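A short worksheet on the structure shown next.
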Amino acid sequence: MAGNKFSSYHLAAALRREPDPAAALRLFLNPSSAAASPIPTPFRYSLRCYDLIISKVAAARLFPAMESLLSSLRTSSLSPREPLLCCVISAYGRARLPAAARRAFAHPAFPAPRTSRALNTLLHALLVCHTPLDELFSVCRDADVSPDACTYNILMRAAAASGSVDHARLLFDEMVQRRIAPTVVTFGTLVAAFCSSGRLDEAFDLKEAMARQYNVRPNAHVYASLMKGLCQSGDADNAVRLKEEMAGNAELGLDSAIYATLVRALFRVGRKGEVVGLLEEMKGRGIAVDRVVHNAMIAGFCEDEMDLDAAFVVLDDMQKSGCKADTVSYNTLVAGLCKLGRWRDANELVEDMPRRGCSPDVVTYRMLFDGMCAVGEFHEANQVLDEMVFKGFAPSKDGVKRFVQGIEIEGDVVLLESALCRLAKVNALESSGWEKAVGGVLHEPAELMLDKQLNSVRLVD
DNA sequence: TTAGGGTTAG
């Protein structure tokens, strides 16, 4: 840098190198800190510098900083481009701040007019925030932007998410009428919507029509949705056929996830005997029998067959084949053991998890805690609660309710008081369900002492 | 800028 004047070009390079968004912000606000010699003031920021810093702070959700950068961008003579605006809108969407996303869409720092790209980004951000469908339509009307295929795809997904597949279908008809060509994403969205509402015939009709009528070839997304739909409906025969169809088309990239779906479905319909053949087939096709396929088998043995021994054999096999079990593998086993009332075995397994290279997560503890509460082992559950609270995990609402009711029935006021304190520490006392449950505790005069305690924990949220 | 499948809880 010696001899060279520090320019916005150098600042951009420094910003790009800086992984920490807060540090990058400091750098941006005080560029001289990165310069070897004094730099002229005021520093002339390039659009590139604004692009870099705003995308960084947006990704890090440093929203106040982001807004002040946008304000200073507005007063500059620079004209930022729409992709930066999209980045801001998406960040608000990811942070579940729909009103902020809408304000950003109209931000004066970005020169009008908006294109469909910004509108689509806004619609998607609002969709992520579960904005009602009619509000999305009103956003479209207000935006005064011509919708494109992507706009329709997002609206269709929103319609399906709101439970109205028929509305999604109407939107499809509308876009065709308006001569907006449906894309492979359009079909993927609609096929998934039909499948998840169990309307498989319409999903398959659409798969046929997309190729024949619209000249759009079904891709892996479309097949994956169809496979899930068939498996959920218990139609293993057609699921196997569909898998064969995928195998016949290399472009579709038949993979282990499709096999895992199928494996789980075969267990569900009591055809686990066919699974070994499927695994052989996978090997023959050079598709790894990976963790997810093993997990599907573990789930099958635990939930469908109630054969925990066989599930543990799968766990061993998976380790032997160099495939590391994950929390899902163990959680499935813990749930299976608990369901059979074998909470001691479940507890042992959980205690053994760290040694096996897998730390129990919030799901593990919740299932163990619930499993113990379900069979009235409240003192054992209390031990688990200790560990959970220590790790900052909160038990499930149902678990809390059952636990609190259980120790209340046992009449252990001291334990109840201590449990409430620990539950408060992990904010597990928000549910109105337990407040009712505990409400009944306070009738006995001996327990009125708890009232004060209770009021104090209620303040925690 | 938009769509999918895996597995545990809720």
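Quick reminder: no glycine exception, Cβ is built from N, Cα and C everywhere.
Database features, via TrEMBL:
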REPEAT    A:148-182  repeat 'PPR'
REPEAT    A:183-218  repeat 'PPR'
REPEAT    A:219-249  repeat 'PPR'
REPEAT    A:255-289  repeat 'PPR'
REPEAT    A:290-325  repeat 'PPR'
REPEAT    A:326-360  repeat 'PPR'
REPEAT    A:361-395  repeat 'PPR'
Please indicate, using numbers and ranges, the residues of the same chain that are 6 or more beyond the repeat 'PPR' (A:219-249) and have a C-beta under 8 Å from a C-beta there.
184-185, 187-188, 191-192, 194-196, 198, 200, 203-204, 207, 210, 257-259, 261-262, 264-266, 268-269, 271, 285
Pull the DSSP breakdown for the repeat 'PPR' (A:326-360) and write it out as helix, strand, coil residue counts.
23 helix, 0 strand, 12 coil
Can you give me the average pLDDT across the repeat 'PPR' (A:255-289), rounded to a whole number?
94
Chain residues outside the repeat 'PPR' (A:290-325) and at least six past its termini with a C-beta under 8 angstroms from it:
256-257, 259-261, 263-264, 266-268, 270, 272, 275, 279, 282, 332-333, 335-337, 339-340, 342, 356-358
